[in-house]
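Undergrad: Take a look at what Swiss-Prot says about it:
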- 1-16: signal peptide (SIGNAL)
- 17-392: topological domain 'Virion surface' (TOPO_DOM)
- 40: active site, nucleophile (ACT_SITE)
- 44-65: disulfide bond (DISULFID)
- 54: N-linked glycosylation site (CARBOHYD)
- 89: N-linked glycosylation site (CARBOHYD)
- 113-162: disulfide bond (DISULFID)
- 153: N-linked glycosylation site (CARBOHYD)
- 197-276: disulfide bond (DISULFID)
- 205-249: disulfide bond (DISULFID)
- 236: N-linked glycosylation site (CARBOHYD)
- 301: N-linked glycosylation site (CARBOHYD)
- 307-312: disulfide bond (DISULFID)
- 316: N-linked glycosylation site (CARBOHYD)
- 326: active site, charge relay system (ACT_SITE)
- 329: active site, charge relay system (ACT_SITE)
- 347-371: disulfide bond (DISULFID)
- 358: N-linked glycosylation site (CARBOHYD)
- 414-424: topological domain 'Intravirion' (TOPO_DOM)
- 417: N-linked glycosylation site (CARBOHYD)
């Protein structure tokens, strides 16, 4: 209690000397228990294989290349690997998770399932996917991919119905129509199995519109049934549009178990890959760095939409991405953001990373770690120190109670002494 006035005085002196400790626009970590998922901008192996080895290709400091804390692949992303044949097995584990990827599936790629489809739907899918990834990696240490085995008792094989350019969808798989069916008004099932992970992120997708085939329109209908628990997950087409729709996906977080994929109309879909989530941890917000092209290419903001507090902190540069290796690789602003991975930091917040945990000019929003509890507000004339009022209020109450007790005791002894004098 006697130290509080000294603390106030010292803090005010520090404030008067201009110590502000503002939040910095970087991603960092509390300690060495961290991991980064990325693409070419943090893919050290890709740089090693170029000639010459030009590290200006990356936004990552090359001193981190041998840290063992990076899973990155040039030309890829977690979303791209999840849905398409262009696959990289992103794998990593840490208490503090950082993502700097996503640019390799943007409106620039203009993906849509059919010629009359919609890339806007796929951007929506991307946002929903990363929302699940970020939320779950705030409570899980480990992320990797696993194959999902399935058994279909018919003779039809999976078909590459959904493709555009070099991208071919293979998760979920489409099971082609059986030869003895004259149309798509039929019910069909397949078993699939999830095992070996704590939980899984799997896709459940439908064409949300009137799907035309041979002059007939069909409403998509897909369900997953957990045979162990009896829980059913399903989607039915609700739109009446006949053009401009595409493959709408929901991303389910499922436990291990035996499942049944069911289609009541159109083609059966069944998951073939899943995000494997392992090793529950104490809640730790993930950090996401905006992943975008130079303005010459069209980007999207889906990782920003997916990254929301309290489970996620989003970091971005205020300027156009302009690389030094080429316009899309080696930007100074994003290199600065990733430079925070070179050191530990005590406090993370929505506004940025705090380098010190004593006082700050900014109150941390959605704080995590050992964060400043006071703010130093500099006016043009004199520094004014503002502190958490609770300790001062409690101190005032205690002092008030002490004063009252002292006054009561003084009155008591004065009255008692006067009475005894009178009696004498």
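Each residue, glycine too, has its Cβ placed from N, Cα and C.
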Undergrad: Round to a whole number and give the Cα-to-Cα distance in Å for the pair residue 301 (N-linked glycosylation site) and residue 54 (N-linked glycosylation site).
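TA: A Cα-Cα distance of 29 Å.
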Undergrad: Rounded to a whole number, how many Å is the Cα of residue 326 (active site, charge relay system) away from the Cα of residue 44 (disulfide bond)?
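TA: Cα to Cα, residue 326 (active site, charge relay system) and residue 44 (disulfide bond) are separated by 17 Å.
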Undergrad: Note down the number of other Cβ atoms within 10 Å of the Cβ of residue 197 (disulfide bond), including every protein chain shown.
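TA: A 10 Å sphere around the Cβ of residue 197 (disulfide bond) contains 21 other Cβ atoms.
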Undergrad: How big is the Cα-to-Cα gap, in Å, between residue 347 (disulfide bond) and residue 312 (disulfide bond)?
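TA: With the alpha carbons as reference points, the distance is 14 Å.
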Undergrad: How big is the gap, in Å, between the Cα of residue 89 (N-linked glycosylation site) and that of residue 276 (disulfide bond), rounded to a whole number?
TA: 11
Undergrad: Compared by Cα position, which of the recorded positions 40, 54, 162 is the closest one to residue 312 (disulfide bond)?
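TA: Of all the candidates listed, 40 is nearest in space.
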Undergrad: Tell me the Cβ contacts of residue 54 (N-linked glycosylation site) under 8 Å, same chain only and six or more apart in sequence, or just say none.
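TA: Sequence-distant Cβ neighbours: 47, 325.
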Undergrad: Around residue 276 (disulfide bond), which residues of its chain at least 6 apart sit with Cβ under 8 Å of its Cβ?
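TA: Spatial neighbours, sequence-distant, of residue 276 (disulfide bond): 142, 143, 144, 145, 146, 196, 197, 200.
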Undergrad: With Cβ-Cβ distance below 8 Å and at least 6 positions apart along the chain, what are the contacts of residue 113 (disulfide bond)? List them in sequence order.
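TA: In sequence order, the residues whose Cβ lies under 8 Å from that of residue 113 (disulfide bond) (at least 6 apart) are 161, 162, 163, 164, 169, 207, 246, 247.
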Undergrad: 89, 153, 316, 358: which of these glycosylation sites has the sparsest Cβ neighbourhood within 10 Å?
TA: 153
Undergrad: Rounded to a whole number, how many Å is the Cα of residue 371 (disulfide bond) away from the Cα of residue 358 (N-linked glycosylation site)?
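TA: Residue 371 (disulfide bond) to residue 358 (N-linked glycosylation site), Cα-Cα distance: 7 Å.
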Undergrad: If I take the Cα of residue 358 (N-linked glycosylation site) as reference, which of the recorded positions 153, 236, 249, 307 has the closest Cα?
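TA: It is 307, whose Cα lies nearest.
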Undergrad: By CA-CA distance, flag whichever of 40, 65, 205, 236, 316 among the recorded positions is nearest to residue 307 (disulfide bond).
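TA: So, spelling it out, the nearest of the recorded positions is 316.
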